[in-house]
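Data first, discussion second: the structure below is written as structure tokens.
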Amino acid sequence: MWTVQNRESLGLLSFPVMITMVCCAHSTNEPSNMSYVKETVDRLLKGYDIRLRPDFGGPPVDVGMRIDVASIDMVSEVNMDYTLTMYFQQSWKDKRLSYSGIPLNLTLDNRVADQLWVPDTYFLNDKKSFVHGVTVKNRMIRLHPDGTVLYGLRITTTAACMMDLRRYPLDEQNCTLEIESYGYTTDDIEFYWNGGEGAVTGVNKIELPQFSIVDYKMVSKKVEFTTGAYPRLSLSFRLKRNIGYFILQTYMPSTLITILSWVSFWINYDASAARVALGITTVLTMTTISTHLRETLPKIPYVKAIDIYLMGCFVFVFLALLEYAFVNYIFFGKGPQKKGASKQDQSANEKNKLEMNKVQVDAHGNILLSTLEIRNETSGSEVLTSVSDPKATMYSYDSASIQYRKPLSSREAYGRALDRHGVPSKGRIRRRASQLKVKIPDLTDVNSIDKWSRMFFPITFSLFNVVYWLYYVH
């Protein structure tokens, strides 16, 4: 019951207040009040000297900064810069622009800003900037009764961002926006972030194709020059590069091409056309990938992380091609030469043996000792005797069927005994040699070279990848 009566009394009291507000708003739009506003603005601008800062000769002017980041359009590694679009607002107090009698803020035409004093703010690391002008110049000037001035601009700036690309593309970059007074020192003007941590907004809404904004910081400081100390505000963005694009465009193709080069180890070694074509194709493809990557990056003096990976892949591909060159040399070059030389030596030895084993006989069947050599070993020396008869008719017989018996000397008997006792030692040597052949591949066997390459290349490439990713990925 009492609650209903209280509500009715509040309604009766608030009704006159609402009527008063409506009347005041209506009176503001009346021609007499519009003329008063016009007279107030004319009075403020009349005699206003834009050449002098507020409170000239007194304390420095405090200028507050606010930034609403609209977008980060591009981050370029080639030019070492980034493009930022923002709503940049500055506020300060100018007692010459204070007014009374109008309980409203005056938002004026953007051309009025040319008739008022504004801070000489500039971006220190700016390369190219402009104020948007569609459909009109995007700037705002707003006056408050106490003389506070709010000056806003919509700006797109391309600012320098010096990047360290040693860990590219697994890197993080810090790009800053430096705001400074060009002419006024700290004796005349002071900069501060208006709103503290909330002075910069819109950063969390930004999405970049190749980067993620991990964090941002606001810094206020003073810098010393020969002409004095100047105020500076710094907005720093910490950008982390997204690796997904580079995995699909660079790392995965390079890895697959490297693996493709190993297919030649399973192709027959006498298929020269297939193996050479595969090796050259993979080498040229790796060269193309490296060239395309260099075109998208600046010419810097140090080695980047992606350069190390591409260089490693190129080395593996090139070694696969050299492996076939080695196999080809063993099979078609050095191997046949050795076989030909051994065959020639063997045929020469057989020919000498045949000539030594041939005897000559005359027509009566008498053996002529013109070419038969009788070797007698006595007291560690050889006695060679030969008799010849040039008049006899000669027939050649193989002396392999002729057997000569002679008693064994003590030296020969001792040598045969040593041979019989030496057989086990030779067997042990052969077994050790066979064990060594299992451990050490025969580099003269082309099949063995390909077989070992099938294991060596994948293992070493996998080890290279493990070391690379463990080092560069945190």
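Heads up, the Cβ atoms here are built off N, Cα and C, so glycines get one too.
According to Swiss-Prot, the histamine binding site annotation covers Y122, S181, Y182, T227, on the basis of similarity to another entry. Counting every protein chain shown, the number of other Cβ atoms lying within 10 Å of the Cβ of S181 (histamine binding site) is 20.
Y182 (histamine binding site) falls outside any helix or strand according to DSSP and counts as coil. Annotation source Swiss-Prot lists 4-aminobutanoate binding site at Y182, T227.
Its Cβ placed at the centre, C175 (disulfide bond) has 24 other Cβ atoms within 10 Å. What Swiss-Prot records for C161-C175 is disulfide bond, and it gives similarity to another entry as the kind of evidence.
The annotation topological domain 'Extracellular' is assigned in Swiss-Prot to 26-245. Across the topological domain 'Extracellular' (26-245), the model assigns an average pLDDT of 92.
Residues or ranges marked as transmembrane segment in Swiss-Prot (evidence: a curator's inference): 246-267 (among others).
The transmembrane segment feature in Swiss-Prot is assigned to 271-293 (among others).
Look at Swiss-Prot and you will find 305-327 (among others) tagged as transmembrane segment. Residues 166-171, 246, 250-251, 254-255, 257-258, 261-262, 264-265, 269, 275-276, 279-280, 282-283, 286-287, 289-290, 293, 446, 449-450, 453, 457, 460-461, 464, 468, 472 of the same chain sit 6 or more residues outside the transmembrane segment (305-327) yet have a Cβ under 8 Å from a Cβ within it.
According to Swiss-Prot, the feature transmembrane segment maps to 452-473 (among others), an assignment based on a curator's inference.
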Just to verify: the residue among Y122, Y182 with the fewest other Cβ atoms within 10 Å, which of the binding-site residues is it?
Y182
Near-site residues: histamine, ref Y122, S181, Y182, T227, CB cutoff 8 A to centroid
D120, E180, G183, Y184, Y230
Could you give the residue numbers and ranges of same-chain residues that sit at least 6 residues beyond the transmembrane segment (271-293) on either side and whose C-beta is under 8 angstroms from one of its C-beta atoms?
250, 253-254, 257-258, 260-261, 263-264, 306, 310, 313-314, 317-318, 320-321, 324, 328
Determine which residues of the chain contact the transmembrane segment (246-267) at the Cβ level, with the cut-off under 8 Å and only residues 6 or more beyond its ends counted.
169, 274-275, 278-279, 282, 285-286, 289, 293, 306, 309-310, 313, 316-317, 320-321, 323-324, 450, 453-454, 457-458, 461, 465
Could you tell me which of these recorded positions, C161, T227, has the fewest other Cβ atoms within 10 Å of its Cβ?
T227
Given the histamine binding site residues Y122, S181, Y182, T227 in the record, what is the largest Cα to Cα distance, rounded to whole Å?
17
